[in-house]
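Each remark here refers to the structure printed beneath this line.
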Amino acid sequence: MPAVVVVGAQWGDEGKGKATDQLGSRVDYVVKFNGGNNAGHTVVIGDEKYALHLLPSGILTPDVTPVIGNGVVVDLEVLFEELRDLNTRGVDTSRLQISAGAHLIPPYNRTLDKVTERFLGKRQIGTTGRGIGPTYADKMSRVGIRVQDLFDEKILREKVEGALTLKNQILVKVYNRRAVTIDETVDALLEYADRVRPMVVDTSLVLNQALDRGETVLFEAGQATMLDVDHGTYPFVTSSSATAAGACTGSGIGPTRIDRVIGVIKAYTTRVGEGPFPTELDGDDGEYLRKTGGEYGVTTGRARRTGWYDAVIARYASRVNGLTDFVLTKLDVLTGLEKVPVAVAYDVDGERFDEMPPDQSAFHHATPIYEYLDGWWEDITHARTFDDLPVNAQRYVEHLESVSGTRISAIGVGPDREATIPRYDLLSG
C-alpha cells in the first residue's frame, strides 16, 4: 500500500483538511510533518464543524493513527486545548503519536514573534504571532527545545538558560520588555511533561514499519507551496518546508517510499498576509469570492485576499512537488458568474512568462494574461458525479486540467464531507 503526500498548491487554505479527511477512512496513518498552529483546517462532519490547528485531520477518523512528526513545532498549551475540545465532543484522541524530535514553542518565542512583527511596521511579514518563526530559527541555530527534553529537567533547564541568554538581551534592550526567567519557562513546559509522555514515540521507526507491513500512510502538509521557505514567495513565506520534500525530512521516511503526491488547489486563489499576488481582485469580484467562499482565516479570522485561478502557479506547484494529481476545491463558489477568468501567463514589462518568473522582483510586477470561460448558474452542491455538473462547469474543470498540466482527480462542490466528486482513485492511481 502507498505513502501519499497531500500539499497545498497555492498560498494555503485550499481545503487540505477536507481532502485528507476524504482519504482518511482508507488509510492507516495520517501524519502532520511541518508547521505548527499557525495554520488551520476545517472539517465538516454532519452538523459538526471541526477547526483544527495543530492536530492532524486524521484524528477525526476512527481506526486511523494521527502522527505529529519531527518537522512540526508544538505549542503544548494549544495541543492540549485542541485535545480537550475534541474529547468533550466525543472524539477519541488516544491514538495520537508525537515525535520525540519535534521542537517545542516556548512562551518567550510567542512574545518575540509578536513584538518583532510590531517593530517591523510596514516591513512586517504578516505572521500569526504564534512563535512559529522564532522556534524554527532556534532549531536552525541549535538552541531549540525538543519534546524529549521534557523528560530530563537538567537538560531542559540548560537549554532554556542557553536560549534566554540572547533572547533576554533582545527583549530588554531592543523591545523594552521584561526579562523572562528560567524558572517560569521551565515550569510552564514541565506542566505538560507527564501528559505528553504516553504519546511520544520514534515516529520515523513507526512509519517505516507501517509501510513495511503494507499499511497506507498519508502525509499532510501545513501551509502550502507558495509559502514554502525555499520555493515560496520569499520572504513572505512560512518557516518550514511545505512542499512534498518536507514529508521526508519532517517525518523520517525516505523519498523512495512516496507513491503519490496530491496537490489541493482552489477553483480560484486566496492569500492571507503580505506578499505578491498577481491575480488579486480589489473590487466587487474580490468581495464576491470572499463572501461566497467564506474566505476568513481559521486560525486568525483575518479576511483573505482573493483572486482568479492562476495556472502559472498551478504548473509551478506541480513541478516543485512532483504532483501526480490535483484535488480541485470550492468549484461551487464560482456559480453565478457570467464569465470566469483563468490566468494562463504573466506579462512583465512587455515580456510574456508562461512559467514562474525566475526572480521575485519580476513576480511582484507580473500582470496576469487571462483566458475567459463561460460561467454557470445551476446549483452544483449536490453533484456527485462529473456528469452531474453543468456543461460549462465541466468545461471549466477540463480547461484547468489542460492549462495546469496535471489531472484533476477529485472536485469539491461544497463544505460537507460528502460534497466531493471523485474522478480517479487517489490512492491507486
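Cβ atoms here come from the backbone N, Cα and C positions, even for glycine.
The Cβ of ASP13 (active site, proton acceptor) has 29 other Cβ atoms within 10 Å, all protein chains considered. Here Swiss-Prot flags ASP13 as active site, proton acceptor.
Here Swiss-Prot flags HIS41 as active site, proton donor, drawing on sequence analysis. Counted within 10 Å of its Cβ, the other Cβ atoms near HIS41 (active site, proton donor) come to 27, all protein chains included.
Spatially close to LEU331 (GTP binding site) yet at least six residues away along the chain are ALA267, ILE380, LEU389, ALA393, TYR396, VAL397, ILE411, GLY412, VAL413, judged by Cβ distances under 8 angstroms. Residues or ranges marked as GTP binding site by Swiss-Prot on the basis of sequence analysis: 12-18, 40-42, ARG304, 330-332, 412-414.
Among the features that Swiss-Prot reports, Mg(2+) binding site is placed at ASP13, GLY40. For GLY40 (Mg(2+) binding site), other Cβ atoms within 10 Å of its Cβ number 18. The DSSP secondary structure for GLY40 (Mg(2+) binding site) is coil.
GLN223 (IMP binding site) is surrounded by 28 other CB atoms, counting those within 10 A of its CB over all protein chains shown. The IMP binding site annotation in Swiss-Prot covers ASP13, GLU14, GLY15, LYS16, ASN38, ALA39, GLY40, HIS41, THR128, ARG142, GLN223, THR238, ARG302.
Summarising the annotation, Swiss-Prot assigns substrate binding site to VAL298, THR299, THR300, GLY301, ARG302, ALA303, ARG304. Under a cutoff of 8 A between CB atoms, and with a sequence separation of 6+ in the same chain, GLY301 (substrate binding site) has no neighbours.
If you take the Cα of GLY40 (Mg(2+) binding site) and the Cα of GLN223 (IMP binding site), they are about 9 angstrom apart, rounded to a whole number. When the C-alpha distances from LYS18 (GTP binding site) to the recorded positions ASN38, HIS41, GLN223, ARG304 are tabulated, the minimum falls on HIS41. Considering only the binding-site residues ASN38, GLN223, ARG302, ALA303, the residues lying within 10 A of GLY12 (GTP binding site) on a C-alpha to C-alpha basis are GLN223.
In the three-state DSSP reading, LEU331 (GTP binding site) counts as helix. Of all the binding-site residues listed (ASN38, THR42), THR42 has the fewest other CB atoms within 10 A of its CB.
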